[in-house]
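As given in Swiss-Prot:
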BINDING   H111, H115, D300  Fe cation binding site
BINDING   I134, V135, S136, G137, G138, D167, G180, D184, N272  substrate binding site
Amino acid sequence: MITLGIETSCDETSVSILEDSNKILSNIVSSQVEIHKTFGGVVPEVASRIHVEVLNRLMDLALKEADKDFKDIDLISVTYGPGLIGALWVGITAAKALSLALKKPLVGVNHLEGHIFANFLRDDPPSFPFIALIVSGGHTEYILVEDVGKYRILGQTLDDAAGEAFDKVARILGLNYPGGPEIDRISKTGKSIFSFPKIRCDRELDISFSGIKTAVLYLVRDLKKENKEIPVADIAASFQERVVEELLERAMIALEKFNIKTLVVSGGVASNSYLQKRFKEESQKKGIKLYIPPPYLCTDNGAMIACAGYHLYQKGYKSDLSLEAKPDLLLGER
């Protein structure tokens with residue numbers, strides 16, 4: 001079965017051709033990072049316009065690289081939320097047009113579902129049930145995944161997503177956008193010598209990054225007042241360690257609470273080198289089977305959407321031409 005996956009939820013345009021459940025024939029991604037860097041963040045109207053400009057070309061490139069034609073496509077899969085509403089509509093409109101013209105089935109995919117299924121693009125995918133941690137620029141959630149389409153949110157961020165916190169702290173430290181890779185890079189030259197507050201929430205699997213972010217802000221402000229040098233690498237390393245340890249602690253609590261031995265981590269922040277190191281160390285120590293996609297599948301991409309769409313379709317899920325963009329779509333909502 002050949003699935004065409006389309007991802008346009010934020011600032012990456014991506015089209016992928018997938019054979020059966022996990023064979024990536026092509027996965028073309030056009031990133032807008034350099035464009036939005038000048039604004040210090042994603043500008044929704046600009047993102048939508050660029051999706052319109054590049055999507056058709058990416059489809060042609062994806063088909064060419066896969067050595068396929070439109071007539072070879074069996075299923076069309078597209079992100080329909082959550083995300084930027086204008087950006088989502090670009091992908092949905094293209095997917096519906098293809099479905100109508102080719103007379104092929106259409107499946108709308110939750111973007112977060114796509115991140116989970118990025119871990120299924122391998123020969124030994126995780127077995128249900130498992131705990132999933134999605135850590136990205138827009139989301140931080142702990143999820144009990146019981147089956148395809150069956151999700152239970154156990155905990156989530158009460159304010160900024162992890163990736164958003166990285167971006168904001170990077171800005172405080174004078175680093176470039178996007179902040180996640182910058183903090184990861186510069187932390188390698190620093191030492192975790194600053195103690196930032198532990199996160200406390202009413203629910204044990206919820207998380208909040210506002211306290212850590214504020215602590216960084218006050219630390220930098222006080223150092224400037226005293227005309228002291230800002231040890232950017234050390235602050236970055238200390239911040240990164242605190243965030244990762246908090247994420248890890250809650251993941252282990254969730255696994256123990258539900259007596260599950262499989263942990264799936266995905267989203268852009270999952271490519272952070274310190275996060276990967278600590279999660280691997282702790283998983284090995286506790287006999288947990290850990291899944292983290294390769295970096296190119298951690299960030300937004302069409303392959304994960306194609307994969308999720310394939311599995312949903314096999315379970316009987318499908319959409320029709322009334323499919324609409326849902327910028328605030330919740331995981332498990334249809």
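Cβ atoms are placed via backbone N, Cα and C, with glycine included.
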Across all chains shown, how many C-beta atoms besides its own are within 10 angstroms of the C-beta of G138 (substrate binding site)? 21
H111, H115, D300 filtered to the binding-site residues whose C-alpha is within 10 Å of I134 (substrate binding site): H115
Here the 10 Å Cβ neighbour count for H111 (Fe cation binding site) comes out at 27
Using C-alpha atoms only, work out the spacing between G138 (substrate binding site) and H111 (Fe cation binding site) and round it to an integer in Å. 11
Tell me, how many other CB atoms lie within 10 A of the CB of S136 (substrate binding site), whichever protein chain they belong to? 24
My understanding is the cutoff is Cβ-Cβ under 8 Å with a sequence separation of 6 or more in the same chain; which residues meet that for N272 (substrate binding site)? G180, D184, Q240, V244
Enumerate same-chain residues with a sequence separation of six or more from D300 (Fe cation binding site) and a Cβ-Cβ distance below 8 A; give 'none' if the list is empty. E7, S9, C10, E12, S14, V29, H111, G268
Substrate binding residues I134, V135, S136, G137, G138, D167, G180, D184, N272: largest Cα-Cα distance, in Å and rounded to whole number: 18
DSSP-derived class (H/G/I helix, E/B strand, else coil) of H115 (Fe cation binding site): helix
